[in-house]
Structure formats: C-alpha cells, structure tokens
Amino acid sequence: MFYAHAFGGYDENLHAFPRISSTVANDVRKYSVVSVYNKKYNIVKNKYMWCNSQVNKRYIGALLPMFECNEYLQIGDPIHDLEGNQISIVTYRHKNYYALSGIGYESLDLCLEGVGIHHHVLETGNAVYGKVQHEYSTIKEKAKEMNALKPGPIIDYHVWIGDCVCQVTTVDVHGKEIMRMRFKRGAVLPIPNLVKVKVGEENDTINLSTSISALLNSGGGTIEVTSKEERVDYVLMKRLESIHHLWSVVYDHLNVVNGEERCYIHMHSSHQSPMLSTVKTNLYMKTMGACLQMDSMEALEYLSELKESGGRSPRPELQKFEYPDGVKDTESIERLAEEFFNRSELQAGESVKFGNSINVKHTSVSAKQLRTRIRQQLPSILSSFANTKGGYLFIGVDNNTHKVIGFTVGHDYLKLVERDIEKYIQKLPVVHFCKKKEDIKYACRFIKVYKPGDETTSTYVCAIKVERCCCAVFADWPESWYMDTSGSMKKYSPDEWVSHIKF
C-alpha cells in the first residue's frame, strides 16, 4: 500500500520516501518502463528529479528516476510495472515529467529541529560556497574570506540542483560552509503541486483564487485548506461561492475532499481551454455608460481580432460639421468633447452640452482625493478608451448635472498631478500585434475655471484625450499566476499571458 504525504499519509511506522509512505520498500532504480492506467511510459535516462517531504520536523529527500508523460496525472494515481504490480504512486512533477518515488539514488534524511533547508537551481557555469552561487573566481575569494572564521553549529542546509551535478552544503550563522556533498548526476527540481491556504483569515479569498489559478496554469495540483473555525468544509464552500467567476474555468477540474481537520481541493488542467486560468484580465473596454473589464472569453475574441488584423490603424480626425441643437449621437458628442477639450477657460457652474458616451467620461472629485482617485481609476478608464475608439476624460465636471465644478489646488500640487497622470499612462502595458509598436498617444490639459467677476483662479478642470491604440492596452498585469520551481506563485506578464493563448 502507498500513502501520499500530501493527503496526510505519513506514518512513522511505515517505509518513508519523498512524498510517500508505503508498506513495501521498492527499489525504483531498476525500472526502465512504467505503466499508469495501462499506458506505458519510458524512464528518462541519465536525468533525475530531486524530491522531498517535510513531515513531523523530518526531511526526506532523494534523487529519483522520472518518466515523461504529456497527460495530467493526479497525486495518488497508481504506478505499475509491466507485469501489473503497483510499484508507487504519482507524487512530484516537473513540466511533463513525473517522479517515481521509492528507493532512489542519493538521499538525505534529516531532523529539522533547529535547522532550515533551502533548494536552489544551480546555474550553468556557476560554483557554490555555502548558501551562494556565483562564477568560480568570486566563489574562490568568498571561500578564502570565510576560512578565517571559526566554524559554528550548522543552522541551514542548501540543496543545489544542476544539469550535470547536484550538491548539498551546510552553513553556520555567519554563512561559513561547514560540509559539502556532491552527486555526479544531473537533475531538476519539481514544480510544487501542493499549496496550503488558511481560510477565515484576512485575504483568504484572494489567496484561494490565486492558488487555483496558479495550479491550473501549472498542470494541476492540490490545495490543502485549514481553518481556525470548526467546520473547515463549510467555510471553504462559502469562499468558493464568493469566487464563482472562476468556476467557468474550474468547475469540471475541481474535487473537494474532507479530512478530519482540513480539506483538500484536487485540481487538474485539461489543457483544452484556449486561455489561462485568470482571476482578472485587466483588459477594459468602453461602453456608453461604463468602463467594463473583459472576461476571458471577451478578451480572447478581442485579442484574436487584433492578431488577425495585425493591429489597428489610427482613427481619422473628426471633420468640422454644423449640427443642430439637441443631437446626441456618438459622433456629435465626440465633436462637442473635442471643442470643450480645446477651450482656454471655463465658467464655474456652466452646463456642458454633452454627457457620458462611448468616447466621453465625466467625473468630479475634491482636491483632497484627486491624486488617490487618479491612481485608482485612471488606468482602467484610459485603457478602455485606448482599446475602443479613443476618448476624453474630464475631471471636474459633475457626472449627474453635467455642470463645471473643477478642483482648487496650488501650482505645485498641479505639477504633481500632471506627473502622476504621465506616470500612470506610461505604465500601462501594451501587447503589440503590429510592426510599428507605437506608444499610447494622449494629451493632457488643465483648463482654468473662473467664477463670475474673478480675474485669477486656482480652480481647474483636468482634460485628458486618449487616442485609439494600435494594439491591446492593459490597465495592469492580468491576475493570472503559475508555480515556479521554487514553490513561489508568479504572475504572468501581459506578453507572457497573451503568448499562452491558443488562438
């Protein structure tokens, strides 16, 4: 029998190997072919995976053989030999490679009482001393420097995994290397497929949705859920209900299993979706009444059109046109907004002849809240204009009455606001499908607002004009993650995110 440590299967009375406890001590070095659900897979020659468990303050690590499999296998799936005998279960994974856990090659069994252990990828060409890696000359000088110190008790172990050699070093409190082991085998570190989340704490919903996204984008895995509250399963289901927007992606990839004090969410990635699992795309489009964030399918359609067309050409300039009073079509509103944008001064309380449209947005804010609102709202509003038809944002015009209000600030503060606007626009990520790769084109003006009889004023309306962009403008990086080999969750950049789309 084989028991996965990820599911609480560690038993000190059984044989223990990286990630599993078992009733038999199986030497997995002797196999060249294994079978999972009647499909055969070859063991990779001369390449291994360093796997470990940390259970009950015990570290169990070893170099294990691995096999290549392009299908998703879940933790605990049985692995058989060619005669049909079960020899292990699925534990660790690195991309399309799965470890075969049991008696492997070089191993490390430690008591973690009072010591830590760290794992590193050893970069090609680098040498190692203690807890650092660098080019050989730098490491040589480091070793000379540290040799002058007296050795102290070991406080940390460092496991270095390289393409041709693996090493284990130990260090004292000063970073002096106390001991070293070398294994003349090339290996990889697994992509961790177990994430621990506590519910009932601050940001638990964010942590849960982030973990779901990261695991689905990394081939699948398990989330171990604990809670201070008694009914962990009840609390978990409440949190899952609150992130229902993710269920369109994960509903058929998720299974919740109740344990005594914790729950396990088992997930697999079907690789059939054209999009990565994404909490928020941060791609916005402008409608008549609002700036709306695209969901994954809307983003796919929008980006597909851009990719097929190779980007968009600039919109032609508006032609001068005499229009009767009361006309409220989009083109007329845009012309009125252009005229308003070019005004040299405004009167407090005057009525603006146009309201919000697909090209125009009004907003009013106090001087005290001005920079905060710009930071919070500018990226989504301006990127939505850039992704649609371009447009105008007027800060200081009441959204309901359409009257000029403005905001009153000093000259120095106005310069800070201007720099903020420039900074936030320049930070907007653009993913290009065209050859020109042009920047976002915009103009910003501060129009003075006078009260009747005043000759001077410190009241302004901020007017920002954004042209339609050639390609896709993001308000921020998409909220879409993956697991790296260190066990950290990393967010995809916009370019990385788009590159993973199956157009």
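Each residue, glycine too, has its Cβ placed from N, Cα and C.
Per Swiss-Prot, the feature region 'Poxin-like' maps to 1-236; the stated evidence is sequence analysis. What Swiss-Prot records for H15 is active site, proton donor, and it gives sequence analysis as the kind of evidence. Taken from Swiss-Prot, the feature site 'Substrate binding' covers R58, I103, N147, Q167, R180, R182, K184, and the record attributes it to sequence analysis. The annotation active site, shared with catalytic histidine of dimeric partner is assigned in Swiss-Prot to Y136 on the grounds of sequence analysis. Annotated active site, proton acceptor per Swiss-Prot: K140, in sequence order, evidence recorded as sequence analysis. Swiss-Prot lists 237-503 with the feature region 'Schlafen-like'.
Of all the recorded positions listed here (H15, R58, K140, R180, K184), it is K184 whose C-beta has the fewest other C-beta atoms within 10 angstroms.
For the recorded sites shown (N147, Q167), fewest C-beta neighbours within 10 angstroms: N147. Note: the CA-CA distance between the residue listed as 'active site, proton acceptor' and N147 (site 'Substrate binding') rounds to 11 Å. Taking a C-beta cut-off of under 8 angstroms and a sequence separation of 6 or more, the residue listed as 'active site, shared with catalytic histidine of dimeric partner' has the following same-chain neighbours: N126, A127. In this structure the alpha carbons, written CA, of H15 (active site, proton donor) and I103 (site 'Substrate binding') are 10 Å apart.
Nearest by CA distance to R182 (site 'Substrate binding'), out of the recorded sites R58, I103, N147, Q167, is Q167. The DSSP secondary structure for R58 (site 'Substrate binding') is strand. On its own chain, I103 (site 'Substrate binding') has F17, A25, N26, D27, V28, R29 as residues at least 6 apart in sequence with a Cβ closer than 8 Å to its own Cβ. Taking the Cα atom of each, K184 (site 'Substrate binding') and Q167 (site 'Substrate binding') are about 9 angstrom apart.
The distance from the Cα of N147 (site 'Substrate binding') to the Cα of Q167 (site 'Substrate binding') comes to 20 Å. Summarising the environment of R182 (site 'Substrate binding'), the number of other Cβ atoms within 10 Å of its Cβ, over all protein chains shown, is 13. DSSP classifies N147 (site 'Substrate binding') as helix under the three-state reduction.
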